[in-house]
Amino acid sequence: MKLNVDGLLVYFPYDYIYPEQFSYMRELKRTLDAKGHGVLEMPSGTGKTVSLLALIMAYQRAYPLEVTKLIYCSRTVPEIEKVIEELRKLLNFYEKQEGEKLPFLGLALSSRKNLCIHPEVTPLRFGKDVDGKCHSLTASYVRAQYQHDTSLPHCRFYEEFDAHGREVPLPAGIYNLDDLKALGRRQGWCPYFLARYSILHANVVVYSYHYLLDPKIADLVSKELARKAVVVFDEAHNIDNVCIDSMSVNLTRRTLDRCQGNLETLQKTVLRIKETDEQRLRDEYRRLVEGLREASAARETDAHLANPVLPDEVLQEAVPGSIRTAEHFLGFLRRLLEYVKWRLRVQHVVQESPPAFLSGLAQRVCIQRKPLRFCAERLRSLLHTLEITDLADFSPLTLLANFATLVSTYAKGFTIIIEPFDDRTPTIANPILHFSCMDASLAIKPVFERFQSVIITSGTLSPLDIYPKILDFHPVTMATFTMTLARVCLCPMIIGRGNDQVAISSKFETREDIAVIRNYGNLLLEMSAVVPDGIVAFFTSYQYMESTVASWYEQGILENIQRNKLLFIETQDGAETSVALEKYQEACENGRGAILLSVARGKVSEGIDFVHHYGRAVIMFGVPYVYTQSRILKARLEYLRDQFQIRENDFLTFDAMRHAAQCVGRAIRGKTDYGLMVFADKRFARGDKRGKLPRWIQEHLTDANLNLTVDEGVQVAKYFLRQMAQPFHREDQLGLSLLSLEQLESEETLKRIEQIAQQL
């Protein structure tokens, strides 16, 4: 259908539209008109992706000079594929309506691991190995040697792409990862470099967060993207953690021991080259005097190690004299390494700021701040000069150089914590240095400054006003949308007591209480008897899940549960979890029914949708607070309090509730889907917790369902499931939660749509 969204003609590839989709597009258009940033919370399963794509594509076509590109960031590869398929549908609809092929290019970009087609590289399992092997086949000096001696290993796909792929742009169309690989095989071109080259002239690029937020990768991949682009971060409820991880470095004793080995290898290589080809080192010295910008204007294939920080002015300066020659630089790194090793010999926890660390460094081993800032770039230049092919081996030293560059660049927003042992094993000496970023806005600031509109969107962003604070930006629109339903298909409830009236909670004091554990077991047992097909249960941590399940086993509860449904458990091993998921789905398909026990913040809670019968009930055992004794977390809470005036308790509750909402939101993946959302902890009923749930869940959480016993909860569930078992046809939805074009244009409907969005 063709829609008029505030004067913009939007092609929408379906015959019917949800009212909230129309409302969402309106808010989106206002954001683009204002050339500002937006925070939008849209219920899960209501067609967020297609609304985003339809509106932004229409905007691109109406104002081609205002918005030149859409950069769509998603978290996992399956999500990226989903976005590309929606885009394909949309483009087909455009072409059908206009009767001609459009000069439109949309493509997905992922790591070499997902795109490489070289027969020697594809069997490798880990991304780091794939990148290293690829580099050893495509580095500029490897290719130069190949020109003289064709028997040397090389990558024919990259050679072919380099020779012919750049002149011929990708034909218009939509390409997912498999399409790129198929094209690569047909033409003999490397799909990874083809995709990286093509994102410059694509209309839509879909890739993972790290390509924009991790400065080491963004510098290589996203540097050339135009300012007049719209950036969308989908499923962005965790975006602050992604920012923080991309800027943090952990150094263990093992890493430092391997650095030692790396330095010795480099020392030998430098001596060997000095004897055979001293000119090469002299050339490098000359380049470094001219400035790093020249040194790093090398080939794209060598840029495997990027700069971990953002300031470009470092690259314009000449490298300090003390680290220009290779030997001096290696000596410099050795002194730095010795100092960090010495700092790890601690008996108690040390916490200090980067300036304090630097002053200690200057006093002990006379290393000044300025040369440290050049460490990462200088190492990159050295590895290039020495023609090191297997870069994966040098990752420990690269990590140390990244740490040096970061610690000397940022004076605030970071903290250094040195722990002599892991809290869980206090008897084993296992020292670790955390260089921890506490300010999420550091990594995302360049994105907000560079692109004219950035949209942060997800199903669980409540409370909305905390995101602009912790990411330090000023949105022009902030809105949360309700879910218009012809039948109420979600049933949230809070179970706060067992049948014996014992309050149930996962808080630390009552965690080991046998009565609480028994009541949790009874809840799962009774729910497994009334809920059809699949139940997903989330615990607050792996440790808590293991101890609870062990107690259930001793009490004989597990045996009773297994009479009703089969049990599957998520573990920390990715492969095991995948098998458990597969079998869980099989049991649901066969009608045997299954229960999946998993963990909030784990793999299952983040990226897996339990559509229809795969998730008829989600039970959240306890409030998923993060481990509050962690020193890194304490430092971050202190920083948030001082910098952004966010109280510690507010942030912890916000963090726990966004994860709880993320877990229970897995059950509802569309309006024809239905499911129970059981919050099993008396603390959920408090105003500060309940008020932080997304609006679309809060609306259906009635006062009657606030502090139920297990039996009362089961009665509510039975009643709800009986309602849901009645036949439900598309006709029942029409006019209410599904609108045709005529219905959408009626005044009454437009008035109703006004109320869906709640601006903040």
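Numbers here mean position along the shown chain, with the first residue as 1.
The backbone N, Cα and C atoms fix where each Cβ goes, and this holds for glycine too.
Owing to the predicted nature of the structure, the values given are computational and were not obtained by experimental measurement.
Look at Swiss-Prot and you will find 7-283 tagged as domain 'Helicase ATP-binding'. The average per-residue pLDDT of the prediction over the domain 'Helicase ATP-binding' (7-283) is 92, rounded to a whole number.
As annotated by Swiss-Prot, ATP binding site applies to MET42, PRO43, SER44, GLY45, THR46, GLY47, LYS48, THR49, with the evidence given as sequence analysis. DSSP gives MET42 (ATP binding site) a coil state; it is part of no helix or strand. Of all the Cβ atoms in the protein chains shown, 30 others lie within 10 Å of the Cβ of MET42 (ATP binding site).
Other Cβ atoms within 10 Å of the Cβ of CYS155 ([4Fe-4S] cluster binding site) number 25 in total over all chains. Look at Swiss-Prot and you will find CYS116, CYS134, CYS155, CYS190 tagged as [4Fe-4S] cluster binding site.
The motif 'DEAH box' annotation in Swiss-Prot covers 234-237. The motif 'DEAH box' (234-237): residue composition by secondary structure is 2 helix, 0 strand, 2 coil, according to DSSP.
Annotation comment: Swiss-Prot describes 438-637 as region 'Mediates interaction with MMS19'.
The motif 'Nuclear localization signal' feature in Swiss-Prot is assigned to 682-695; the stated evidence is sequence analysis. Long-range contacts of the motif 'Nuclear localization signal' (682-695) within the same chain: residues 41, 43, 459-463, 480-482, 492, 494, 496-497, 503-505, 507, 620, 623, 653-654, 656-658, 660-661, 665, 701, 706-707, 758, each at least 6 residues beyond the stretch ends and with a Cβ under 8 Å from a Cβ of the stretch.
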Residues near PRO43 (ATP binding site) in space but at least six apart in sequence (CB under 8 A): GLU20, GLY459, PHE481, THR482, MET483, ILE668, PRO694, TRP696
Local Cβ density at GLY47 (ATP binding site) - other Cβ atoms counted within 10 Å: 20
Position of peak Cβ density within 10 Å, selected from the binding-site residues CYS116, CYS134, CYS190: CYS190
Helix, strand and coil totals (DSSP H, G, I; E, B; other) for the motif 'Nuclear localization signal' (682-695): 9 helix, 0 strand, 5 coil
Distance [Cα-Cα, Å, rounded] between CYS116 ([4Fe-4S] cluster binding site) and MET42 (ATP binding site): 36
Fewest other C-beta atoms within 10 angstroms, as judged across SER44, THR46, THR49, which are the binding-site residues: THR49
Cα-nearest neighbour of GLY45 (ATP binding site) within the listed binding-site residues, CYS134, CYS155, CYS190: CYS190
